[in-house]
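Report on the structure given below.
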Amino acid sequence: MAVLVIADRDGDTVRDTTHKTVTAALKLSGDVDVLVIGQGSRAAADAAAKIARVRKVLLAESDALSHQLAEAVEATVLALADGYDAVLAPATTDGKNYMPRIAAKLDVAPISDIVEVVSNDTFTRPIYAGNALETIQTADAKKVITVRPTAFDAAGEGGSASVEAVAGADAGKAAFVSEEMVKSDRPELGAAKIVVSGGRALGSAEEFHAVMDPLADKLGAAVGASRAAVDAGYAPNDYQVGQTGKVVAPGLYIAIGISGAIQHLAGMKDSKIIVAINKDPDAPIFQVADFGWVADYKTAVPELMTALG
Amino acid sequence: MKVLVPVKRVIDYNVKARVKADQTGVDLANVKMSMNPFDEIAVEEAVRLKEGKEHHAAGTADEIVVVSIGVQQAQETIRTALAMGADRGLLIQSDTDLEPLAVAKLLKAVVDEEKPDLILMGKQSIDGDNNAVGQMLAALLDWPQATFAGKLVIEGGKATVTREVDGGLQTLAATLPAVVTVDLRLNTPRYASLPNIMKAKKKEIAMKAVADYGVDTAPRLTVQKVTEPPKRSAGVKVTDAADLVAKLKTAGVL
Ligand SMILES: Cc1cc2nc3c(=O)[nH]c(=O)nc-3n(C[C@H](O)[C@H](O)[C@H](O)COP(=O)(O)OP(=O)(O)OC[C@H]3O[C@@H](n4cnc5c(N)ncnc54)[C@H](O)[C@@H]3O)c2cc1C
Ligand SMILES: Nc1ncnc2c1ncn2[C@@H]1O[C@H](COP(=O)(O)O)[C@@H](O)[C@H]1O
């Protein structure tokens with residue numbers, strides 16, 4: 001049984017979501033290859049080749065792949081699929097975008113967002129906003145799976161796999177127009193050890209940044225937000241933590257002015273330590289918080305800044 | 001332009017799902033059910049395409065067909081979409097919950113009959129959290145897809161879609177016919193007015209059975225068990241910052 005992992009490329013390297021997906025893949029097979037896609041990805045492929053226990057890195061280059069266009073990724077992977085019993089990708093927005101497409105073409109049931117590999121054909125995944133975990137067995141010979149990165153440890157470095165070029169498909173009937181990426185020097189939400197998240201209580205974009213940014217900088221943290229804060233335009237869409245946003249599991253998660261709706265909890269309840277600052281003592285967030293502070297954030301956050309020194 | 005909107009009847013988003021004691025699934029008896037919230041957003045956008053609301057030219061859409069695959073009561077879900085402004089409905093009855101692959105195959109059969117120019121659907125159903133059917137349908141049809149839409153512009157035979165992705169926003173132009181799956185920020189769905197609810201009662205809902213489509217809907221997955229995730233319990237309250245910082249240091253996270 002051989003497994004293909006589609007890498008999550010980040011410029012000249014690959015994100016640790018790739019390493020975590022490799023860990024999940026190694027539970028299925030010792031023969032794990034990594035596919036790195038996108039024009040000018042040679043350096044990223046070399047980085048992937050250093051992941052411990054990876055057998056081989058495949059490098060597929062085309063402009064369409066640089067933008068992760070689903071039709072191009074699908075065609076590229078389909079051309080390789082014969083050689084593999086399973087294809088895995090991290091459950092990022094890219095993985096979620098192209099993996100079901102690949103599954104449909106292979107006539108297999110995709111398995112989304114696994115948090116555990118029980119055996120070769122059996123996996124556990126959250127459903128109902130994480131209020132239940134289902135363990136499912138697939139009858140498909142080929143498996144197409146997305147992996148929740150926070151549920152797996154990152155594979156180490158120290159590998160020396162070879163890099164082999166494969167054909168990269170061109171764009172299909174959807175063309176890239178433009179992108180607007182949020183620039184930040186802070187750690188990425190999914191990878192940060194500390195996350196500070198703000199909710200509707202912050203009241204405006206100016207206030208959100210005035211309160212959250214200095215705290216994040218002091219803690220070396222990433223900034224997240226509730227849906228309400230994103231919908232209201234206080235924070236970019238990419239900050240949303242939850243059932244339908246990002247899933248995070250940092251060592252420390254600090255929720256500020258967030259009520260704790262189930263959809264929000266779905267994205268952060270696996271954090272090691274949860275702190276909640278909320279002026280309503282009955283806010284549901286306190287039911288999952290290790291440390292709850294019933295306070296107005298307007299006084300609590302400055303106090304916290306001082307106490308952190 | 002004809003728009004097809006697949007809608008699913010799911011547990012209401014305000015209800016906390018409870019796992020059955022025998023671990024066979026989630027208890028849905030006497031639980032409030034509603035239209036999947038993302039599908040409401042898809043219906044709303046289709047209606048705006050017809051009305052010419054926001055940046056859409058009036059009459060961009062001229063017919064909106066809503067389809068649901070599910071139990072008899074999914075008629076109510078379709079009726080809700082009709083009250084929001086969709087023109088007619090189709091229920092493909094199924095007493096078992098079908099997997100995304102089977103749903104996508106049935107929807108493909110519907111598309112082959114209806115020949116829509118655009119399929120607008122939710123990015124994810126909030127029960128199974130699969131986030132799969134739209135992409136699978138696009139693949140089976142060999143149509144382009146634009147998922148997680150936060151903005152949609154229909155112009156010159158193309159759907160220009162701004163997508164909510166990790167890291168920010170990506171804009172794609174997909175040649176119609178295409179599948180667009182919608183995200184939370186696309187619009188805020190309307191509440192149907194009483195007159196529109198009354199009007200919707202007269203709109204047609206065609207009834208079909210899964211068998212009418214002759215597609216393979218055999219399950220590929222067996223649910224071995226459904227369990228409750230480990231519970232977190234409430235910890236302690238702190239009353240000042242010094243106390244909190246001390247506790248975080250003890251916990252080893254600072
Ligand atoms: C389909 C669907 C998907 C969703 N997906 C997500 C998701 O992925 N992520 C997500 O977060 N939500 C999601 N939601 C939304 C979710 O249901 C809640 O509406 C949202 O999380 C609420 O955000 P909030 O806690 O910031 O706002 P609110 O619920 O309004 O809470 C604000 C909190 O701030 C407190 N507060 C007010 N003023 C102060 C102050 N001065 N100091 C301290 N505290 C104060 C209040 O006591 C309150 O508890 C989804 C909903 C649906 C229907
Ligand atoms: N049984 C169904 N009937 C109609 N549409 C469905 C059904 N299941 C899923 N869908 C559509 O597919 C989208 C994505 O669902 P899923 O892939 O299950 O998360 C939903 O938002 C609906 O638009």
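Every residue gets a Cβ built from N, Cα and C, even glycine.
According to TrEMBL, the features are:
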- A:3-180: domain 'Electron transfer flavoprotein alpha/beta-subunit N-terminal' (DOMAIN)
- A:Arg200, A:226-227, A:240-244, A:257-264, A:Asn278: FAD binding site (BINDING)
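Shown here: features listed in TrEMBL, placed on the structure.
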residue  : record           : CB count, 10 Å
A:Arg200 : FAD binding site : 17
A:Gln240 : FAD binding site : 28
A:Gln243 : FAD binding site : 23
A:Ile258 : FAD binding site : 29
A:Ala261 : FAD binding site : 19
A:His264 : FAD binding site : 27
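Listed binding-site residues (A:Arg200, A:Gln243, A:Ile258, A:Ala261, A:His264) with a CB under 8 Å from any chain B CB: A:Gln243. Reduced to three states, the DSSP call for A:Gln240 (FAD binding site) is strand. According to DSSP, A:Ala261 (FAD binding site) sits in a coil region rather than a helix or strand. Across the domain 'Electron transfer flavoprotein alpha/beta-subunit N-terminal' (A:3-180), mean pLDDT in this model comes to 97.
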